[in-house]
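Here is what TrEMBL says about this protein:
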{"type": "DOMAIN", "residues": "B:20-86", "note": "domain 'HMA'"}
{"type": "TRANSMEM", "residues": "B:104-128", "note": "transmembrane segment"}
{"type": "TRANSMEM", "residues": "B:140-161", "note": "transmembrane segment"}
{"type": "TRANSMEM", "residues": "B:173-195", "note": "transmembrane segment"}
{"type": "TRANSMEM", "residues": "B:201-219", "note": "transmembrane segment"}
{"type": "TRANSMEM", "residues": "B:357-376", "note": "transmembrane segment"}
{"type": "TRANSMEM", "residues": "B:382-415", "note": "transmembrane segment"}
{"type": "TRANSMEM", "residues": "B:682-699", "note": "transmembrane segment"}
Amino acid sequence: MEVLIYLIPIALVLGGAGLVAFLWSLRSGQYDDMEGPKWRILDDGDLQENSAPVEAAKRKVS
Amino acid sequence: MSAPESDWAAFVTDTGNGKAHMDLAVDGITCAACMYEIERGLRKLDGVENARVNLSSHRLAVDWDEQTTSPAPIVELLQHLGYKAYPFDPAQVKSRGDAVGKEILRALAVSGFAAMNIMLLSISIWSGNTTDIDPETRSFFHWISALIALPTVVYSGRIFFRSAYMAVKTGRLNMDVPITIGVLLATGLSIWQTIQEAEHAYFDSAVMLLFFLLVGRYCDHLMRRKTRSFAENLATLKAESAAKILEDGSTQNVPLSKLTAGDRVLVRAGERISVDGRISTGTSEVDQSLVTGETLLQSVQQGDLVYAGTMNTHGVLEIEVTAAVKGTLLDEVNSLLETAMEGRSKYVQVADRASQLYAPVVHAAALLTFIGWVVMGMDWQTAMVISISVLIITCPCALGLAIPAVQVVASGLFFKERVLLNAGDAIERLASVDTIVFDKTGTLTLPDATLSKKHGLSADQLELAGRLALSSSHPLSQAIARATGAQHILSDVKEIAGRGVEAVVDGRAVKLGSPAFCGVSDVQLNEMRTQRPDASFVAFQEGSEPATLLPVGQFMREKATETIQQLRDAGYNLEILSGDHTGAVKYAADMLQVADWKANLKPQDKIDRIEALKAQGRKVLMVGDGLNDAPSLAAANVSMSPVSAVHVSQAAADAIFMGDSLTPVMSALNISRKARWVMNQNLIISVIYNLLAVPFAVLGFVTPLVAALAMSGSSIIVTLNAVRLRMIAGASTQPNEKA
């Protein structure tokens, strides 16, 4: 039963991490638009475009 | 006449470093392609740093560099792309942030996390209890559960505690009172049991209860939020701004919120007046139909009061903005509205009514259980545990979900029928309606004037009249131009102010204007007026031939006759209450075959009539749009407004319907009746669940495991039953549409 000493905190920390992640996503406005993002993943028009946000994204990736 | 310079500065927020931000409502976004088009188009614009469309709320957020660009080209580009856009007032955007929704969602997340973790421990205990768990381990698990549950109850439960406290303080009883008692008792009992190192603790029940109830609460909130967000977009897209006259005499378009009493604004011919005020210079005739329901034009001059929502037909007016003045129509409407609103808050929602019956019964049952066991010789602690378990298992978990879940499904169905709900309980109130009172102007009829289909002109003449009408800014001319679809303006058109327009085409003079301008005799005009009391007349004359009178007016909405017929067939009592003159109301009532109608009514008269109907035990639905309807909208049991209604009326109405057709009124009533049927089913399911569970609880057989199963089981059943509404309502609204 000593194993519980590790298992329970691990379970709580994992659950807590999920909770924190949710609260963070809520705060950063990820639930503001439930409609748009599912279409955005299908849009690859930005690949050819030479605009500022794309450049910024590339810089971040590299 | 050039358009006044727009004052975009009022809409822009400075985000520092020379960057600026603006939120806009965008009209015309229908699919994801529009979203790409707008975003890409804007990003190509020099200086625009970020543009993001919110596809669910149809709003656009733009950030740009103030050195490189300004708001004007952004709005222009959107217009060029084919989207009408108008910025939000930043002060309003801030206060509109969905703080309540986020609070509920956070509480929901916390209780969800807690429920899962406690359940993990609870299941271990339950399975351990039947095998070989030793008391120390169980006690240890209970303590950990308590450690998770206590902060959760405080954090997630405060939404209910607060509402219950408010209710008790004002001497009412709402559903949050038994919820609060249940949750607090379950938590308190569990802590007591944990200290006693007893076998059973109900932490999982307490937290799961909060989780399910918060789901219901969030559903409820989501529905209202959706309506509000759309209503705000509509209000913003109406671009309620005014041309303010600056000190140097130039004009600038400013949002209404930036105007204060004493400012002067300019209103050109054919523009809607957007403020309440007194005319400081200029004379004109104004169309007050949106305000009083009166369709005849009223002449105004210097010193007269004009109201927001009226239309300036010709002549330029300079208006000094005034606050609501004592004794004016607006003041009267406001005070009537206040009284009517107070009366309305007395309505008790089904869920609260159910809990008013329910709370005393279960609390009495719990008390009797306690007394019964003590009398039978049980020690008081065990008896207390059993009686509290009665309260835990009867805590209105299913009841808390039963109504909101149906409301959410129903509001989705309403939305498909182009009806937006302002209040969640509007569904219940719509379902009980037996009498429908319509306003005429703008409600049964369209809010904008159009040319009657029976005009007696040939196609060529009609086109000519339309092209001639393009040169005039008078609303009646514009109605003709719209109706004919004319696009090419005639050259050398002479406008004679207040009379009409004339031009020479192929050597012949053509005239369009007032009947007198085209030489129509009063006798002929009066004869036409008796034939068509619902119309105003514009005369058209070609050469020296006798002039033709074109009836222009606010005619019936699409499908008005069919909808009225359907409503009558469905057994509703129909009535028309209008502020318009008798002739026009009688004409409309005869056309729709509505026997009960009253004309020339003041706002107070409309309220009196509705109160009289209510006193007879009728449940009244009021459908109206004008400023004069606002108090009666609030006085009726339930109310609807078309989307073209004035601000005050939309705020007072329980539901708003979009589009030019009257059919949403019928579909709203249909859906609400089905929704109420499902709500009642859900309430019955909850009651049956309690009838089954309570005897077990009273006898002391309810362990935490039984409580958890019963609670989640009943919650899931009522939710699934609510979803079923989509099928039964979807199946039966289809044939109506075809009819």
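Don't overthink the numbers, they just go from 1 along the chain as shown.
Positions of Cβ are set from backbone N, Cα and C atoms, glycine also.
Worth saying up front: this structure is predicted, and the values here are computed from it rather than measured.
Outside the transmembrane segment (B:201-219), and at least 6 residues removed from its termini, the chain residues within Cβ reach (under 8 Å) are 101, 104-105, 107-108, 111-112, 114-115, 118-119, 122, 142, 145-146, 148-149, 152-153, 156-157, 159-160, 179, 182-183, 186-187, 189-190, 193-194, 389, 392, 395, 397, 400-401, 403-405, 407-408, 704, 707-708, 711-712, 715. When pLDDT values are averaged over the domain 'HMA' (B:20-86), the model yields 84. Within its own chain, the transmembrane segment (B:104-128) is flanked in space by residues 137-138, 141-142, 144-145, 148-149, 152, 155-156, 158-159, 203-204, 207-208, 210-211, 214-215, 217-218, 221, 703-705, 708, which lie at least six positions past its ends and keep a Cβ under 8 Å from the stretch. For the transmembrane segment (B:140-161), the residues of the chain that approach it from at least six positions outside its boundaries are 103-104, 107-108, 110-111, 113-114, 117-118, 121-122, 124-125, 176, 179-180, 183-184, 187, 190-191, 193-194, 201, 203-204, 206-207, 210-211, 213-214, 217, judged by C-beta separation under 8 angstroms. Taking H, G and I as helix, E and B as strand and the rest as coil, DSSP gives the domain 'HMA' (B:20-86) the counts 24 helix, 25 strand, 18 coil.
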